[in-house]
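Visitor: The structure follows.
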């Protein structure tokens, strides 16, 4: 059930850049939904249809463990959780930042009202003017200061996790599922042949998930480059 994670990430979406919203769309549609609907159908028979040409008790189990140290589905679930965690941490910081801004504005509003009561001739419309300047509170979602730094760091960690899982998947079992796997692990009496079910279909699914991960990685790099260049241009425009 991905509903809880989905609801949280939807709130993160409100405080992200345009590229960040595209990244969340890729995460939802091409990772969470596809993984939740299609992956179980492809990998549902993963261990039951892993057959070896031996009757030695325990041989098939140890060969399956050697061929697939961790299930692809579980690895992808972990990948989604890890790459989503920095977004959740950023959301927590953003909520804290917004609440602090609201409290600060409430204090300023109270001070203006007190001043207006003391001297109505000087500041008769101060409270209304303050509301007119920012009626929707859009300024509180502006990426600047500590909020911007947190946003950049959360993209960096997402990128590192993405690269780590791609490299980890490559070293665990590569990006192809071969129909034949040879195993000589104890207690197998000799080198036995084991056969994997649906190797072509699984390979296509692996390549699809790899492409989606690469797109997410590319979006992370584009977003962080955009934010850095935007900050540099803003710094150059400042008067010396």
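These residue numbers are counts, starting from 1, taken along the chain as shown.
Keep in mind that glycine also has a Cβ here, set from the backbone N, Cα and C atoms.
Unlike curated records, TrEMBL annotations are generated automatically.
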Visitor: Quick check on the annotations: TrEMBL lists transmembrane segment for one of 151-172, 173-194. Which range is it?
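Guide: That would be 151-172, the stretch labelled transmembrane segment in TrEMBL.
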Visitor: From the ranges 56-75, 76-95, grab the one TrEMBL calls transmembrane segment.
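Guide: Going through 56-75, 76-95 one by one, TrEMBL flags 76-95 as transmembrane segment.
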Visitor: With TrEMBL as the source, identify the stretch among 6-38, 105-137 annotated region 'Disordered'.
Guide: 105-137
Visitor: Who are the long-range neighbours of the transmembrane segment (204-228) in its own chain, taking Cβ under 8 Å and residues 6 or more past its ends?
Guide: 17, 19-20, 22-23, 26-27, 30-31, 34-35, 38-39, 42, 72, 76, 79, 83, 143, 148, 151-152, 155-156, 158-159, 162-163, 165-166, 169, 175-177
Visitor: Using DSSP, tally how many residues of the domain 'Connexin N-terminal' (41-74) sit in helix, strand and coil.
Guide: 15 helix, 2 strand, 17 coil
